[in-house]
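Down below is the structure, laid out as structure tokens.
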Amino acid sequence: MESRLGWLTELQTETGANLRRTSIIGTIGPKTNNPETLVALRKAGLNIVRMNFSHGSYEYHQSVIDNARKSEELYPGRPLAIALDTKGPEIRTGTTTNEVDYPIPPNHEMIFSIDDKYAKACDDKVMYIDYKNITKVIEKGKIIYVDDGVLSFEVLEVVDEQTLKVKSLNAGKICSHKGVNLPGTDVDLPALSEKDKSDLRFGVKNGVHMVFASFIRTAQDVLTIREVLGEDGKDVKIIVKIENQQGVNNFDEILKVTDGVMVARGDLGIEIPAPQVFAVQKKLIAKCNLAGKPVICATQMLESMTYNPRPTRAEVSDVGNAVLDGADCVMLSGETAKGNYPINAVTIMAETALIAEQAIPYVATYDDLRNFTPKPTSTTETIAAAAVSSVFEQKAKAIIVLSTTGDTPRLVSKYKPNVPIVMVTRNPRAARFSHLYRGVFPFVYESDTESEWTKDVESRLNFGIAKAKEFGMLKEGDTIVTIQGFAAGVGHSNTLRVLTV
């Protein structure tokens, strides 16, 4: 019987020739927004391009989309996915008088106001807050963080419907347009701002494959986003960003309606005590794994590589431990958007993930997932789990899945096989968003459908085998496990075979 301790004592620390199964998401910015650099990033291991809609014009984001698609023409390789990260509803301070910064000492008492007359007249006496309900939801003694926690204030008194009296807990500067966090306070901001709605419509029009939805607090927030995406955006995957206490508290209900989750540790580490973040990360990832929904670990993973060619040892451990926790994807932000070493950062992340994957006790992980998954499962999930079990018993080298929607590869990925999941599909969108699922290597089969179903199945299987050989996953004589349907259409994946290449 496999034990975690025994597995780790035999751990191989060389990367070897194995294929990395954890996907890498990279934020595209001025340093990387050109086809040639995008090709280099993809060769280094990038699978999903992220556009941060907190910054940039539509013209700029259109250029990212165009350059991403141009990079596929220059280097076909594997399909590239495009993600739109919403700005989300947020709370900010106003503009300081004459746009100057006002230094304040510790224990400095001042006023926070929602009165619009202070919106462009903030100083060290009064600071404007653009959240109109702040005086209704916050209580005396609560903490308010400004500028990602650089400044901390304690609420001394809710003076009236427009005014809070506060005291600074540390020295700092009152600056313009800084973000505001209210840890431990339930806020009632809308799921989407008008800007977010416009951004989502832009994304649908331009064929993005997934949306990273910021500051999700409730399941209803997800349903609101789905409504805005509309019929034209019905295939866009919604990945919720959990970055506040409300999102953590309501996670089980959110998980039921979302397509996936991002553990967004930046704002989360401000909204909840920083020492709790790693435990919340493990808990949320485990719940996603059990639900069979993809999960992304993000924020400051290799942040020092924004300016340095090598990461800190703690950063490398952070990436590796996210993989061990069960993350399907790991994400880079400033490292690739504005950093001096974007290709190095992707390379280091890819190498770290590959070694971490070798530290996973796959059989024990599979057993846990099978034992804790509620029964009965769907026919497709039963076949998916059986395929992974067959890999262990037959010592197979790959699983080849013929899929239309990407749902079967997702369920195979849930059970964390130690081999590649080769997805063959005629659906380019499904191929691209399937990068969200750990271990899935998607390939688009462009040949016409054959009139005889069995011949069409064999043609697609042979295509999958050829691609697996091309990418170094298979060689002659290897054993493979295959999944396909008994008939054309969606939802028929019920046939499992064990074959020799």
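Glycine is treated like the rest: Cβ placed from N, Cα and C.
Reduced to three states, the DSSP call for GLY266 (substrate binding site) is helix. Shown in sequence order, ASP148, GLU243, ALA298, THR299, GLN300 are the residues of the chain, 6+ apart in sequence, with a C-beta less than 8 angstroms from the C-beta of GLY266 (substrate binding site). Annotated substrate binding site per Swiss-Prot: ARG50, GLY266, ASP267, THR299, in sequence order, evidence recorded as similarity to another entry.
Taken from Swiss-Prot, the feature K(+) binding site covers ASN52, SER54, ASP85, THR86, and the record attributes it to similarity to another entry. ASP85 (K(+) binding site): 25 other CB atoms within 10 A of its CB, across all protein chains.
Taking Cβ-Cβ distances under 8 Å and a sequence separation of 6 or more, HIS55 (ATP binding site) has no neighbours in its chain. The ATP binding site annotation in Swiss-Prot covers ASN52, PHE53, SER54, HIS55, ARG92, LYS178.
Annotation source Swiss-Prot lists Mg(2+) binding site at GLU243, ASP267.
Under a cutoff of 8 A between CB atoms, and with a sequence separation of 6+ in the same chain, the neighbours of LYS241 (site 'Transition state stabilizer') are ASP85, GLY88, PHE212, ALA213, SER214, PHE215, ILE216, GLY247, MET262, ALA264. If you look up Swiss-Prot, you'll see LYS241 marked as site 'Transition state stabilizer', on the strength of similarity to another entry.
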Original post:
Near ASN52 (K(+) binding site), which of the binding-site residues ARG92, LYS178, ASP267 can be found within 10 Å, Cα to Cα?
Top reply: none
Original post:
Which residues does ARG92 (ATP binding site) neighbour through Cβ under 8 Å, counting only same-chain ones at least six apart?
Top reply: ILE129, ASP130, HIS177, LYS178, GLY179, VAL180
Original post:
Considering the binding-site residues ASN52, SER54, which residue's Cβ sits among the greatest number of other Cβ atoms within 10 Å?
Top reply: ASN52
**OP:** Among all chains shown, work out which of the binding-site residues ARG50, PHE53, ASP267 has the most CB atoms within 10 A of its CB.
**Re:** ARG50
**OP:** Report, in whole Å, the straight Cα-to-Cα distance of PHE53 (ATP binding site) from THR86 (K(+) binding site).
**Re:** 5
